[in-house]
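Trainee: First the structure, which I've put down as structure tokens, then a few questions once you've had a look.
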């Protein structure tokens with residue numbers, strides 16, 4: 001600080017505005033202190049940066065006090081100060097001067113003894129450029145004088161430029177070809193010229209530094225973009241610039257401010273899916289509503305209007321799937337069935353928020369393959385199956401191929417076949433379902449009922465190879481029609497046989513039906529029969545097709561009781577097979593013969609003296625029938641009123657029952673009947689007459705009832721004819737007459 005004394009009691013000081021303490025002032029800080037005393041101006045100027053001299057007065061530090069040219073400078077540890085001195089011509093205490101300010105400024109103090117004005121607080125040119133201090137000098141006698149000190153604070157470049165805002169934000173549209181102003185920035189510097197002359201530069205940029213420039217327009221630093229920017233090349237669509245304002249001081253001070261440049265997105269990018277084609281595989285038993293796929297489209301446009309946030313998804317191709325229009329999640333809407341449809345090709349679209357022609361669309365395909373699960377049992381293509389196989393076919397003869405279809409895929413749809421229950425006549429390929437003969441003889445005419453069923457019926461089971469395996473709900477049946485070979489001879493079912501036929505049947509009557517069987521089919525089993533010969537006589541004819549044997553003559557058992565016939569049967573095969581058998585025809589008796597007495601008339605003479613049970617006659621009667629029909633029973637049906645005679649029931653022997661008396665009855669005419677034992681209602685009877693003459697024993701005199709008898713006879717009467725019956729009253733007479741009659745015969 002410089003002090004200048006002048007009669008007007010005025011001092012003018014100029015101090016560096018950047019000094020907080022005078023001893024802290026640097027040589028590169030310029031300050032000028034001008035004192036005005038009696039029209040004299042004093043200047044203290046210190047050198048400026050770079051050795052250049054100030055444009056103002058040369059630096060001089062000078063003190064003038066009441067015409068006494070004297071220079072003083074003291075430095076203390078507390079700072080720099082200058083002495084203010086007043087003189088008093090008085091002596092003693094009245095000549096001692098004390099100094100003080102009329103008011104107490106905050107920035108200055110005065111040494112009351114020496115008069116040195118001391119800077120006690122920092123000065124700021126920008127806050128206060130001039131101080132006017134009133135100082136009092138008072139002596140010991142109470143006399144005082146007033147002086148005024150004017151302190152001009154000289155500017156020092158101690159203020160950095162200050163931007164009007166802490167940060168600036170600008171924007172521009174991408175792809176613009178012309179130069180676009182982005183932002184205007186402005187800084188102020190409270191220093192005085194030339195310290196406050198500002199220049200602006202872009203010191204850094206997050207991207208594309210070379211694309212930006214700064215020009216001054218009407219006091220503003222206008223930041224412009226000189227080349228088109230592509231929003232999609234700008235990270236997050238933002239460019240962060242650092243703009244520096246530098247003042248004209250020496251050394252210069254600067255400040256920086258961030259400028260955020262938002263690149264406004266244009267809808268110049270279509271949405272693009274992460275893949276042009278999605279391939280998804282899902283099991284067919286996936287539940288309805290399950291997530292299938294999350295498609296994702298990216299729009300490089302970043303605004304909410306056109307960018308990712310604006311995307312809306314849509315789905316085409318199948319109602320089995322639903323697409324969340326915002327998230328891109330594809331879910332099922334219903335249960336799927338691979339067997340109905342195994343693959344779906346969907347088209348997904350993503351549209352951004354553009355309107356009309358400005359709207360952009362991205363397209364991708366979604367190929368969904370439905371993976372199989374074993375949820376279907378094998379199903380028979382046919383049920384049942386029918387096939388023809390020639391009997392006696394050799395081993396591995398193809399029979400038929402069965403097919404079960406399993407709509408599942410892979411092993412789940414691979415069907416294995418088996419014969420269940422086992423059938424010894426056939427084998428089956430487990431993979432192809434082809435059935436072949438096993439080599440066991442196939443005999444169409446087999447009489448074994450179990451084998452016959454097995455040869456004609458094959459039961460097939462089917463199971464897939466899934467895990468777990470699924471069986472067909474039912475087995476299928478193959479019905480085998482065994483085609484015939486002529487491998488069987490005709491077989492007589494009822495020959496050889498003894499046929500019994502009643503005699504007396506009319507000509508053409510059916511006697512017997514020959515039954516022949518040939519288990520072969522068609523012509524191989526078509527049988528023709530013929531009657532080859534008959535013994536002892538061929539009295540029959542055979543229907544060649546029906547086998548009915550008919551009579552050609554009335555059979556008479558009594559003539560031929562048995563026939564022996566030879567019958568031949570042959571089929572109609574290409575190479576006919578024959579069989580021969582015999583039929584014995586036995587003619588059964590019919591009660592068609594009447595018992596016949598031989599002779600039919602018996603004449604017997606008995607003495608009246610024969611004893612009881614005397615055999616009168618043995619009758620002979622025969623019946624040509626046989627059996628019971630020929631079994632005879634004898635009865636006396638006439639001439640035995642008084643029961644003198646009896647006949648043996650079986651032997652036909654006539655006997656006397658009691659004694660005879662010629663005088664009572666000299667002759668008997670017995671009628672004897674022989675009845676066969678044929679069926680009731682058809683029994684036949686033979687009759688014989690037994691004439692019994694009772695010969696007299698002379699035990700009575702004869703007496704005729706009349707004296708003479710006369711009769712006439714023809715000369716042609718046969719011997720034994722009764723001529724006349726004489727009667728007497730004496731039994732012996734009758735006997736005599738009878739005898740005479742007998743003798744005359």
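Note that Cβ sites are derived from N, Cα and C of the backbone, with glycine treated the same way.
Feature table excerpt (TrEMBL):
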DOMAIN    86-163  domain 'Cadherin'
DOMAIN    164-273  domain 'Cadherin'
DOMAIN    274-380  domain 'Cadherin'
DOMAIN    381-492  domain 'Cadherin'
DOMAIN    493-597  domain 'Cadherin'
DOMAIN    598-704  domain 'Cadherin'
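Show me how these features fit into the structure around them.
Mentor: Secondary structure of the domain 'Cadherin' (86-163) per DSSP (helix as H, G, I; strand as E, B; remaining residues coil): 4 helix, 35 strand, 39 coil.
Sorting each residue of the domain 'Cadherin' (381-492) by its DSSP state yields 12 helix, 43 strand, 57 coil.
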Trainee: Go ahead and report the DSSP secondary structure tallies for the domain 'Cadherin' (598-704): helix first, then strand, then coil.
Mentor: 4 helix, 49 strand, 54 coil
Trainee: Would you list the DSSP helix, strand and coil counts for the residues of the domain 'Cadherin' (274-380)?
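Mentor: Result for the domain 'Cadherin' (274-380), in helix, strand, coil order: 6 helix, 47 strand, 54 coil.
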